[in-house]
Structures are given as C-alpha cells and as structure tokens.
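J.: One structure is given below, represented as structure tokens, and several questions about it will come after.
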Amino acid sequence: MGLSVIILAAGQGKRMASSTPKILHPLGGIPLLERVVNTARLLNPHTIHVVYGNGGSHVREKLNYLPVHWIEQSQPLGTGHAVLQAIPFCQNEDRVLILYGDVPLISPKTLNSLLENTPSNGLGVVVAELPDPTGLGRIIRDDFGNILSIVEHKDAEEHQLKIREINTGIMTTTAMNLKKWLPQLNNNNCQKEYYLTDTVALAVAEGCPVGGVAAQCCEEVQGVNDRWELTKLERYYQRLMAKKLSLAGVTIIDPERFDARGENIEIAPDVVIDVNVILEGNVQLDRNVRIGPNVILKNTTVGENTEIHANSVIEAAVIKANCSVGPFARLRPGSVLEEGAKVGNFVEMKKTTLGRGSKANHLTYLGDTIIGKNVNVGAGTITCNYDGANKWQTKIEDGAFIGSNVALVAPLTVGKNATIGAGSTLSQDAPPDQLTVARERQRTIKGWHRPTKKE
C-alpha cells in the first residue's frame, strides 16, 4: 500500500483582503503551501496532489518548482468536492492523507502517528481541544467515546456548540473508501457545500473503524484565514525557532525580536544574536559569531569569531573567520571577506573580494574589485566600475595603500605595495612600490576677493 497525499489549496481566502492568493503568503519566509508540501515530502509519499482554485495559474507559476501534481477545482463547492477532483488519480489500494494548504505547521510526528494508528481499512482524523472552538467543526462522540460524526459550526445545534473538541480537517483513509463515499455526499447544509467531514458519518454507518489522533498543540493545526491569524502564527513559529536555537547553545537576546525566514539556517554554539536580527534563506553562522542589533543576513556564511555590527545588510556573501563588518555596512551578492578582513561604517561592496587582513574602514564603494592581502582602503574611496554600458574590474594587489577620497576608474590595477595619494583620480594602472598621485597641484590666487551681495 502506497501513500498519496492530497493537499486542499482551493480556498478563496477573501478574509486575507489581498490580491495575492492566501497560500502564497509567507510564514517564516516560505509560502504557506510550500511549507505543507515540505512536510508531506518527509512522509515519503509516491505522489502529492495539490487541488487549487483561487488564483490557480498564479499559484502554479510561483510554485512551479514543487514536485507536485496540480489539479484544478474550477468551482468552489466544498472540501468533499475538492477531494473528488483528486481521487481519480489515486490507486484503490493507496492510503490517502488529506492536508490543507493553509495549515502550515502540522508536524510530521503528528501525521506519522495518524497513519500508524489508523487501521488499514479505517478512517482517522486529527483532533484538537480548544478553549474557544468558534467557527470550527465539532467532534461528536457516543457514550463510549467513539467518533460518530463531525458537525460544522454553522450546522451545529446549541448543545453541540458547547463541545470543545474540534476537527482539524486532516484525515486519512483508503482511496477505495473515498471513491465509495465521496459520490454519496450532499450539500444539504447552511453553506450548500459538499463537506469532506460528512464521510465520517458514512464510515460509521457501514461499520468502518473511525479513530482520532490528538494534535501535539493547537498551533500546529491552526489554519490561516486572515492577516491577524497569520501574524500570530508567525510569532509562534519564530518563538519555536528561537527556542530551538537557544537549546542548541545560541544566545538570542530577545526571542520576541528575532526572525528566521528560511529552512536552511545553521548556527553553531556560542553565537550571540542581538535584537531585531533577520536571518533569511540559507544562513550559516560559525562559533563565537556576534550579530549586532538590526542586522539582516540573507543567504550568507559567516566564519568563527566574526562580529557583524549594528544596522548592516548582507546578502549572498561569504565572510570568513575573525572579520569585522559595520556598523551600517552593506555587502551585496558576490562579496567575499577573507580571514581577518574589516569593513567599517557606510561601506558598500558588490562582487568584491577583500583579502586577508585588508581594511575598508569607512565611506567607501567597492564594486567588481579584487583586493589582495593587507590592503588599506582609505575613507571615501570609490571603484568606478560602470561606464554607462558595461561593468569593469579593479585589482588592488597585496600591501597597497589607498589614500582618502580616491576614485579608481576601472579597468585598472594598483600594484603590490603601491601608495595612492589622497584625492587622486586614477584611470591607468599604478605601478608597484611607488607613490602615485593624480590631482591638480594646490595653488593660491593672490588678490582674489569674494563677490559682494547686491543690496
């Protein structure tokens, strides 16, 4: 018996008040639907079917890299109707697991428990007990605790509304059972929809065993219906990430002001992360790294004993051990800091390598530049890499000293141990071991007077 997963992602999401389909909104930097697909893949199914509706072509275009089978639900006629669109693609002997594209934090542990505890010919649902179950379907049990049916909130009687045990919608049974039950559903309810939950009563009626597995916590089965629910779930997720990192030896100064946006975030012990730090995409931080407040790191690797000072923005960079960056530095894609390099305040780098022990301490732009070892780049230095049509490279060799307020008009090379005088504008190579100055000689104009203002 193989496993087929059906993810229902056809909800209209009107309460999101957004032109973006609900399932494309991110949680922890990853679209809601992608999170559910990633969890489903951990169960090793042979196929993942996604039933989409609202904004379907846009959803498929944005998430076309996901290894799923896309199925359109052309009319929003309910969850039962949505599963009916996918079930013909499942083999009769398949075990089918039904998930939801807007329930992003369901855990593999809970799903494995559901699959393991549901009889091969039975039906299993994930249930949860909530302090406020308003709006959710209630689990109806008999006097012996057996599940009899699921009643949607809008269709529930007054005594049923007092029940706090709810249906999460997550369900498993065989494809053969679903092919038998789904055509029997009707839409005689307040919403005039075909409810998937009505299959529970059909299962009970024919003596099929029905069981419930409790969710580990309420948040893992929390659906996203509006922006506020998404915001609350985001903070819960970030607290989980902060706790996980803290227990692994990372100091998070304030878990409420920490954001991890991506799945591939690896942080070694003894790293310290200050407030309002955002880690996005693939981020690796080695031992004893210190990240100051208000720092953004995206797709970046940072070596041990390096300090990133406040208000620095770093994307797609490699920073090796014992470096210092910032405050107020910007490292754009392709930037590499070799061991012991230093980038100070208001320095911007793009596709530039700063060699071992080299420094660019302040007020500098380095674009398309290769800098050797032990180079000093003075304040106000600019590598002029763009001629209006093409980008050109600057090379600064080992031991060079670049004075303040220097413009290096690429392409050119500054030789080994060369010194460039402050205020120079170079458009040709500077030879090694020499002082190169390219500026007008200072002069004083005798007898000059400032003009006087007219009355």
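Placed from the backbone N, Cα and C atoms, the Cβ positions cover glycine too.
What Swiss-Prot lists as region 'Pyrophosphorylase' is 1-227, and the listing cites sequence analysis. Taken from Swiss-Prot, the feature UDP-N-acetyl-alpha-D-glucosamine binding site covers 8-11, Lys22, Gln73, 78-79, 100-102, Gly137, Glu152, Asn167, Asn225, Arg332, Lys350, Tyr365, Asn376. The annotation Mg(2+) binding site is assigned in Swiss-Prot to Asp102, Asn225 on the grounds of sequence analysis. Residues or ranges marked as region 'Linker' in Swiss-Prot: 228-248. Sequence annotations record features per position, and here Swiss-Prot assigns region 'N-acetyltransferase' to 249-455. As annotated by Swiss-Prot, active site, proton acceptor applies to His362, with the evidence given as sequence analysis. The acetyl-CoA binding site feature in Swiss-Prot is assigned to Ala379, Asn385, Tyr386, Ser404, Ala422, Arg439; the stated evidence is sequence analysis.
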J.: Taking only the residues the record lists as binding acetyl-CoA, namely Ala379, Asn385, Tyr386, Ser404, Ala422, Arg439, what is the largest Cα to Cα distance between any two of them, in Å to the nearest whole number?
T.: 22
J.: I'm checking region-level scores; what's the whole-number mean pLDDT for the region 'Pyrophosphorylase' (1-227)?
T.: 92
J.: Could you check which of the binding-site residues (Leu8, Gly11, Gly78, Asp102, Glu152) sits closest to Ser404 (acetyl-CoA binding site), going Cα to Cα?
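T.: Nearest candidate: Asp102.
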J.: When the Cα-Cα distance from His362 (active site, proton acceptor) is computed for each of the binding-site residues Asn376, Ala379, Asn385, which gives the smallest value?
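T.: Checked the binding-site residues Asn376, Ala379, Asn385; minimum Cα distance to His362 (active site, proton acceptor) goes to Ala379.
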J.: Counting every protein chain present, what is the number of Cβ atoms, excluding its own, within 10 Å of the Cβ of Asp102 (Mg(2+) binding site)?
T.: 24
J.: Out of Leu8, Ala379, which of the binding-site residues has the smallest number of neighbouring Cβ atoms within 10 Å?
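T.: Lowest Cβ count within 10 Å among the binding-site residues (Leu8, Ala379) is Ala379.
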J.: Can you count helix, strand and coil residues in the region 'Linker' (228-248) using DSSP?
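T.: So the region 'Linker' (228-248) is made up of 20 helix, 0 strand, 1 coil.
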J.: Just give me the nearest neighbour of Glu152 (UDP-N-acetyl-alpha-D-glucosamine binding site) among the binding-site residues Asp102, Ala379, Tyr386, Ala422, Arg439, Cα to Cα.
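T.: Smallest Cα separation from Glu152 (UDP-N-acetyl-alpha-D-glucosamine binding site) among Asp102, Ala379, Tyr386, Ala422, Arg439: Asp102.
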J.: Given the binding-site residues Asp102, Asn385, Tyr386, Ala422, Arg439, which one's Cα is the least distant from that of Gly11 (UDP-N-acetyl-alpha-D-glucosamine binding site)?
T.: Asp102
J.: Cβ-Cβ under 8 Å from Ala422 (acetyl-CoA binding site), same chain, 6 or more residues apart: which ones?
T.: Gly378, Gly403, Ser404, Asn405, Val406
J.: Give the distance between the Cα atoms of Leu8 (UDP-N-acetyl-alpha-D-glucosamine binding site) and Asn385 (acetyl-CoA binding site), rounded to the nearest whole Å.
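T.: Per the Cα atoms, Leu8 (UDP-N-acetyl-alpha-D-glucosamine binding site) and Asn385 (acetyl-CoA binding site) stand 50 Å apart.
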